[in-house]
Every structure is written in structure tokens, then in C-alpha cells.
């Protein structure tokens, strides 16, 4: 009974550990969150002059509505991040948005005003092909869902199934298009590649097959993305082999009609797949007779097919993007073109057509030199350009170009046409344009930040006055300036600081009279400087699209951005800080290593992380694939750390490669080691550097890939500091930590997927000698595994398949009560293995990311920051994951303040550091030290970005915000006044005593 009460007491004591919380008036003071939706896949703009929103579906499986006036997210629904949540199609009708996701398995209807779910149904299995609205009696009533083998009709209001019919010969025919225009029938169009097209007409009321037509098309491979239905159900397909258009009236004809393009002085581009881009403003009415023909990457033609006659309305030989839009009875064509006449070709990926838009075919497409584009509107009936509809805008980043164009058209009071345009560029930038002389770009969104792949924080530089003060104490300044010069420099520096302090005080008094919401703290990159406690830093973010950002950490303001157009999708990135701002007047320097996934080739980019400018230092040209990169503590004469690059021939390239650097590498080569991991072969190899900059294999470890595979290799952070080298135990002895900076944690997972035979293994390996320090395995466990490796401990999380729960396992390494070598660590001189303590805990939730807090000196207690699938970030004290927690408390364990062991780790809402500012689909957490030992800066990134500060041991080195300055000042003044009075009274008393 006593043990039970003691256990409860220690449990309550653990719950009383200080937590980091915020008051209501502190929300947004030290933290911020930015929400994103990702790269657009579909977009629909409401066609009304008072419309304030646009609905989008993205490649991040997000359905959202954006405020068209500000660009803010009105509502957002985030589906699963896997292929199950992918949005396959989206249609907008009135106040309803219809989406199909999960490969055609789920169809939903959303209310556009608040984002509410109207209905959701599960569709039959089968490969999804197309989605369309079906009108009947001048109203849209049904939704047609075309799959590989079936065509189904659902009620628009409820989603209930009206009928479903099997498609004839679906085994050999690829049905890809569905069409209806309110005539009581719906067509399903399929193709047998390079053979024929099959057209099946269904009755809307009962699903009966009314007609089936087979037409020979030996030149046609695909219907979708090539053909289109124009006018009253006329199928138009381009035929590159005969350089003509083939037409077929679905209602009346059974053979294709060939119309040569030579009669219109048009010609297809060589090697380019032409496309027909039709428009159907209303599902109840037939498609417009006018359509765009995409002839080559930059050549479009506006054609009209009416009563069997094809005519050219307007030719656009130099065009980037086109789009249709309708308001009332007017349909216009929007054409985007480069403003300058001189253009050049560039290479990228192929594109495809989206809803209400056209995605540029990137291969051999044209890009502007000056990055300036114009948008003009043309009346589709005549091809005449509408006056006063020209909008000109410029793109900031060179190398990028518009990729999608969406147009929102409305009628003005004078019956003229006005419009707004949504443009998406290759670097995932969203621009919303309007027709105003003063401000064309209404708002912009950097959606590439929805996929941050690596991140670093860089200290801000000193101000000019601070830099001068720093330079006063140098030896060169004393020799050059002399005593009088140094005195005058000090005097001028102090005057500058006095002026800055006076202006700062004036701003504080001026802002004190305003509400906090009205205080504008404008951040300018030219006046950016380090604050008193180094809490304000520059966040350098690299995104998957190849775009770099410089973001000020205290406000989230984007100060600079750069785009790398040559970066291909699925490339891997590694960002390294070679020189910080501590080496004035040398500018800080970051190096980005980009590796192409397909070819394996790598490239280096060197830039200034504060101003975002490319460095004048030329990086080496990498002619071989890079296997490993090392940032050494060795510096050149300009204080830049040396970067070693090891290629597939095990040759080493140094950057920078000056004489000073090569001399230092020649001296330090025997002490430079590195490792390589080949996960496919299950090999870990250790190498050492020779004096001639070649490599030598020092050890090799093979893990059988047919039994287990390597999933993660985790080392320690080079920037972390360990303050205490041991732990004081209850008997006053010291248990010394095993602080091996070369230790690697290798996580393996079984290849057998059966839940009874799965296991997770971990190896602790010395990266210099290849010695296995410790190995363990968790049977009946599987990943994904999240791991944190710091100081002398390793924490990793996995899924227990037997108990069906998430678990933590913590490992701690100790040398014992005697320290082998207290002055220097050497992996080559370690005769005894360290003691390894291990313990497991149950965690009630899966996790998305995990990282440990870090501070400047390592004095503050460590916390684990755990990102949950709900978007919350849990700050868990490392003391709760201590393998020395006893099951039965003893006198010594109480002396050490060890919490009695309990297998459950509870989640308390008070430990959430982001309260209700959740981070959707979190992928990583980054921590960085500040100038205050108590404070750790945290950035969580995923679909959103969240930045805050945490205080694992509370703020012991700075006064709190609610500190009562008035009270302490009044007490001090009172004490001084009382001292003066008491002194006077004492003097009078002594004088009176002397007279007696």
C-alpha cells in the first residue's frame, strides 16, 4: 500500500512539471503561423461581379476556398496525404463543388460559403476516367461518373444513384470522355489506340443504350487531352499525320470528316501533340462553336466550327497560355503572351489541361527575357480584341514562367467586360490580377512553402555602429588608428548609439498609445540587425520546387526569394551554413547541394543567406554523382568552413580549395573519417581521408537486405553543446555520460510484412572504427520509425503490432562512475564498451515528427518536441523518458528526483506549445538556440509553417512580460527616501546625545 501511495505521489509530482503556456494577450506576440494549400490542380472562379471567393483543389490533396480580395484561406479541408486522398476531378455548379477522390472511390459535394459537406457517397470500384454535369429541362440535375467499365448517373442534390450501366467492350476500349448538353442523352466516348473510336449514347432517364457507333481512327491514341466536343455534339480531333482536323457529329454522322489545316494557313508543330480546347459554359446548353487549337508549344489558333464549316477567327503565333470565361451571354477568350518580341526556348515537363484553364505544355515552350506578360480578352464570336482589357504584369524570379491561367469575367455598369485573373507559375506562385492602373497584382501566395524540404537558421548581422564597436578592440585598429583615432572613433560610435537609443525610446512611447493591432513593425532587409538576445534570425528555407526563401523569424515576413529553374522534381537537397555573420566584414555564406534523383548528378549553389544574393565565389563543377558531403570545422583565410564532397569514385573535392585549406587538410587528413550507406545492398562503410585527398576503406558492416533493410541513419548535431558530463546519483557519486560525437544510430526494419514476424532493430555504431556499441530489436514491431539522437541518449518511436499501440524506447549510454578520459575523446582509444540502459513507454498517439530542444550552452533541461497527426506540438520533458526511472522508489532515487516508472506517457493539453495553431500534415520540426540560455526557437513545417519559442526550464534569465515594474520602482524609491529620513533622524539623535 505504501508503495502504491508513493507511486501516486510521484505521478502527481510529474504532472506538476512546469509547462509552457500563453495568455490570451500573448497570442501572436512570439509566434506566427502561415497556412498554405499547395500547387493547384483544379480551380473554379465564381462568375459574378460581387464574388469574393475562388475554390481550388491542389496536388497536396487539399480542397479550399480563397478570398479573392485578400488571398486568405476562407476554409480548407485536408485529406489524406497518400494516393487515397488525391483529388481526381472537381466541378463547380452554383454554390456546390463536386469532387471525386481516392481513385474514383469517393464523391463529395461541398457548400462553397462555409465549406460544409453536403453529402458523401462511395462509388463502385473501377478506374476513374471522367466527371461531368448532366442537364435536363434547362436545369442541371445529375452528375455523370465515367469509369473504365461503367457509366453512372447520380443526383446532384443528394448524390443518390439514378442508374449505372456497363460499357460495351470495356475490356478492349478505353472510355475517356463523357458529354451531355441537356438533350436528354449522355455520350460515353472510348478509343482503341490506333484503331477506332466507340461512341455510346445513353438515355438520361433510364440509362438505356440508344445508339452505338464505331468510327475508324488509325492515327488516334488518346481522346482525353487531344480531342474535344464543340458546338452541338461535334467531336473534333487533330490528325498530325494528315495535318488536318477530323470532325464527327455525334447525333447524325457515322464517319469522320477531314478538314485540312492548309486551307487556313495553319500547321502543326513538329513532334508536338496538338490539342483541342473547347468550352461549355452551361451544362444545359451545347458547347460553344468556337475553340482553341493548340498547334505548338507557343502557337494557338481560335477556330469556329459551325454548320460543318471551319473558319479561323484569330491566330496567336506567340502565346503562353489561353483560357475561356463566360458571364451572362458573353463568352471571351483570354490570351496571355510575352510582352517583348525576343524570346528563347527552354525545356521542362509536359502539361495537361485543367478545369476552366489550360496548362502550358512546357517542352520547348517560350520564356520571356524580361519576365513581363500581358493578358488580353477577345470576343469568341468574332475574334476581335476587347478594348481596355489589357493587363500587364511581371514575374520577380528569372527562369520561371506562367503554368496555369484562370479567368473570372463580369459585366460592369456600362455593360463592358471586366475580369480578374488567377495565374500559377512554375515555382508554385499564385498571382491574382485585376484591371487597375495603380495595383495590378491584388495579392500573391507562395504555395511552394507547402513543401519545405530543408531549413537552417542564420544569425542576423550586427548594425553598422555595433560592427564599429566590435572593430575597436582589434589589433589592426590599434596599430592603424592610434590612441587619438581610437578615441574619436569611440566617441562617434557612442553618439550613433545614443541617437539610435533615443529614436527607439521615441518609437516605444509613440506606439504605447496605440492598440497593438495598429502597431506596424515593418521589417526591411536593409535595416535588418541582430536584436539584444539574438531571438530574431533569418530562416533559410528550401522547397521541393527548387525555390529558396529568406524569412524573418519573428514575423514570418519573406525578405528575399530565389528560384532554381534547372532543378527537377523529386530532387534531394542539403543546405549547409559555411560562414555565419560573426566574421564581419566577410558576408555570411550558405551552400545548397542539389542531387537529381534520376541521373544522380549534383550541383552546388552558393549564396548570401541574409540578402539572398548569389555569391561571387564560384563553386566547383561536379562531374560525378556525389555520395556524401561533410562540413568540416576547418576554415580558410576568409573564415568559411571547408566542404568535402565524395563522389562515386571515392574521390574527394574540397570547397573552397585554397592553398591554406589544402595545407590544413594535408595535416588533418589522418583524423578525418566519414561513412557511406547503401540501403539497397545493406552496406555501411567507413572511410578515412589520405593526405593526397584520396580515401581508404577502414571498416565495413553488412546487414542482410533479404532479412532487414536500413531505414534511417542518425548522427548527432554538430552544433549541440553538453554542459554536464555526468549525473549526480543519490549516494553523491557521479555517473559519467558516454559522449561519443562519432556515434551513429542505425535503424533497421524487417522485410517480412507479416505482423507476427516483423521487428525493428537498432545498432549504435562508432563511425570511426565501425565498432558496434549496442544492438537491440523490438519483435512484433514496425515503422514508420521516428528517432532523436542527442548527448548520450537515443529515443525512437515505433508501432507495436502485437499490442497495437505506439511505443517509445529510450537508450542511455554511460561510462560508469569513473571517466576514462576527461580532456579529449578518441574512438580509437576506448577499451571498454559503455553501459547501456534501456526502457520502453506507451504513447497514446502516432506521431508525425520529433525533435529535441537545443540551447546555446546546453544548461537548460531537454524537452522532446513531438508533432501529432492532429497538428499539435507536444513538449515532453526528457525526464519522463528516463531509463533509470525505478519501479519501486528508493531513498537514493528520491534524492535524485527520479520519477517512479509508469509505462504510460500521457498527453496533456497544457503541454501543447501551439495551443490552437495546428500544423497540418507536419513533416518536420527544426530547433535552434537563441542568445538566451532559457529559450529555444522552434519551427514546425508541413502544409503549414509555425514558429514559436519554448522555455524548457522556464525563463530564468530574463524578466517576465507581466513583471510589475511600478511596484518594484515604488518600493526602491520608498526605501531610498526612508534611508535618507532615517539618516537625518540618526544625525539629530547623535547631536542631541552629544549635547547632554
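We count from 1, first residue shown onward.
Placed from the backbone N, Cα and C atoms, the Cβ positions cover glycine too.
Small disclaimer: the values here were computed from a predicted structure and weren't measured.
Annotated in Swiss-Prot:
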{"type": "SIGNAL", "residues": "1-22", "note": "signal peptide"}
{"type": "TOPO_DOM", "residues": "23-965", "note": "topological domain 'Lumenal'"}
{"type": "DISULFID", "residues": "227-237", "note": "disulfide bond"}
{"type": "DISULFID", "residues": "338-368", "note": "disulfide bond"}
{"type": "CARBOHYD", "residues": "916", "note": "N-linked glycosylation site"}
{"type": "TRANSMEM", "residues": "966-986", "note": "transmembrane segment"}
{"type": "TOPO_DOM", "residues": "987-996", "note": "topological domain 'Cytoplasmic'"}
_For residue 338 (disulfide bond), which of the three DSSP-derived states applies: helix, strand, or coil?_
strand
*Express the distance between the Cα positions of residue 916 (N-linked glycosylation site) and residue 368 (disulfide bond) as a whole number of Å.*
44
*Residue distribution over DSSP helix, strand and coil in the topological domain 'Cytoplasmic' (987-996)*: 9 helix, 0 strand, 1 coil
*Neighbouring C-beta atoms (10 Å sphere around the C-beta of residue 368 (disulfide bond))*: 20
*asked:* Can you tell me how many other Cβ atoms are located within 10 Å of the Cβ belonging to residue 338 (disulfide bond)?
replied: 22
*Report, as a single number, how many Cβ atoms besides its own are within 10 Å of the Cβ of residue 227 (disulfide bond).*
25
*Sort out for me which one of 237, 916 has the most neighbouring CB atoms within 10 A, since those are the recorded positions we care about.*
237
*Would you mind reading off the Cα separation of residue 338 (disulfide bond) from residue 227 (disulfide bond), to the nearest angstrom?*
27
*Sorry to bug you, but what's the C-alpha spacing from residue 368 (disulfide bond) to residue 237 (disulfide bond), rounded to the closest Å?*
31
*Grab the pLDDT values for the topological domain 'Lumenal' (23-965) and give me their mean, rounded.*
87
_Rounded Cα separation (Å) that holds between residue 227 (disulfide bond) and residue 368 (disulfide bond)_ = 29
